[in-house]
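Inspection log for the structure reproduced underneath, given as structure tokens.
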Amino acid sequence: MSLSRRTDAASKFTSSGRYTPEAMIVITCATISLYNGIELLLLILTSSRRHNDLFSWSLAVASIGVLPYASGWLVRYFDVIGDVANMLINDIGWILLTTGQALVLHSRLNLLFKSITILKVTKWMIILNAIIWHSAVTVLLFAISTQQKLDRNGAFIKVQKVQLAFFCAQDFLLSGLYIWKTMKIIKRKEAENQTPRIIWHLFAINVGIVLVDVTLLAVSFTNNFLWQQGIKAVAYSVKLKVEFVILGKLSDYVHKGGELISAEHPVFGFVEMEPEPPSRKQSTQPSATPDATHLERVRKQSNISAAESSRNREFMSDEIATDRSEGVKRRTLGKGKNWS
């Protein structure tokens, strides 16, 4: 370890050999983040909900990302391992956590929006942001020297701020869609005094996401990247746990027939929806479903087969009767010959 590193490591301790207040805060934040990430993974694995949908997979990926992100922040602060290993751990955690948590929000938009356009736009926004900014930051991270990374006017710091702004804007858009839709539900249901509690929870969590992102932007533009990563690790680990509960309950509520869809003014809309009920003019002549058409075809074939079998039985009975009458005639003629 170089002299500068030994000096930096020694600054984390007081003259009495204890951790400084800053070091204790770093250890506490990293411990909370790691605990939340591990607990959430266990909750996902032991949950009775489906594990093969986008919500579960993205939540698991983001939870896994919390672990290297928080541990990488901790080992970088105490300078425990080399630069390359440290950067690799941080980069992996940052990629998994940032894009994973965005996919968590996107995965439940289909409970609120019927529009395929909105779902496609948000999906491709997440994909393009991930490809552009994860690639750019990773290349700069391993391509430039440590001294250049510390230059506040250098390319690395500028790219860091720009990528954070883009990812925060992405979260603003996703959370804004939730807030906009939940506000419409609240306004409509307040007149009926039937606003579900889950809607208030959904509104509150997305307002919280916006506040967290605003805080991250403010800390980042003061060039305090140490605390930016710490705040993000703790806030996102807590946010993921809350999203696991709230978005999971929202899905259960809607799929169990929650009264959130109005026939005249639909509020919720599924991407995969049941066919809309026919209008009053068409209600007297409902369109036949494929199953009904198939059953009707089978019923007609059965009737035709029954009619054919009935005709065959009648034809066979006529033949038997004819054969019997001819046999009686032959026996009668035979007896007449014997008498003669």
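Any Cβ shown, glycine's included, is placed from N, Cα and C.
Residues or ranges marked as domain 'DUF7703' in TrEMBL: 22-253.
As annotated by TrEMBL, transmembrane segment applies to 23-45 (among others).
For 57-75 (among others), the entry in TrEMBL reads transmembrane segment. Sequence-distant contacts of the transmembrane segment (57-75) (same chain, six or more residues past either end, CB-CB distance under 8 Å): 26-27, 29-30, 33-34, 36-38, 40-41, 44, 81, 86, 89-90, 92-101, 103-104, 106-107, 229-230, 232-233, 236-237, 240, 243-244.
Here TrEMBL flags 87-105 (among others) as transmembrane segment. If one looks beyond the transmembrane segment (87-105) by at least 6 residues along the same chain, the residues whose Cβ comes under 8 Å of a Cβ in the stretch are 54-55, 58-59, 61-73, 75-76, 126, 129-130, 134, 137-138, 141-142, 167, 170-171, 174-175, 178, 209, 229, 232, 236, 239-240, 243, 247.
Counting only same-chain residues 6+ beyond the ends of the transmembrane segment (126-144), those with a CB under 8 A from a CB of the stretch are 84, 87, 91, 94-95, 98-99, 102-103, 106, 154-156, 159-160, 163, 166-167, 170. According to TrEMBL, the feature transmembrane segment maps to 126-144 (among others).
Residues of the same chain lying 6 or more positions beyond the ends of the transmembrane segment (164-180) and with a Cβ under 8 Å from any Cβ of it are 98, 102, 105-106, 109, 112-113, 118, 122, 125-126, 129, 133, 202-203, 206-207, 209-210, 213-214, 216-217, 220, 228. For 164-180 (among others), the entry in TrEMBL reads transmembrane segment.
Beyond the ends of the transmembrane segment (200-221), by six or more residues, the same chain brings 105, 160-161, 164-165, 168, 171-172, 175-176, 178-179, 182-183, 186, 227-228, 231-232, 235-236, 239, 242-243, 246-247, 249-250 to within a C-beta distance below 8 angstroms of the stretch. Here TrEMBL flags 200-221 (among others) as transmembrane segment.
The feature region 'Disordered' is assigned by TrEMBL to 274-340.
For 280-290, the entry in TrEMBL reads compositional bias 'Polar residues'.
As annotated by TrEMBL, compositional bias 'Basic and acidic residues' applies to 310-329.
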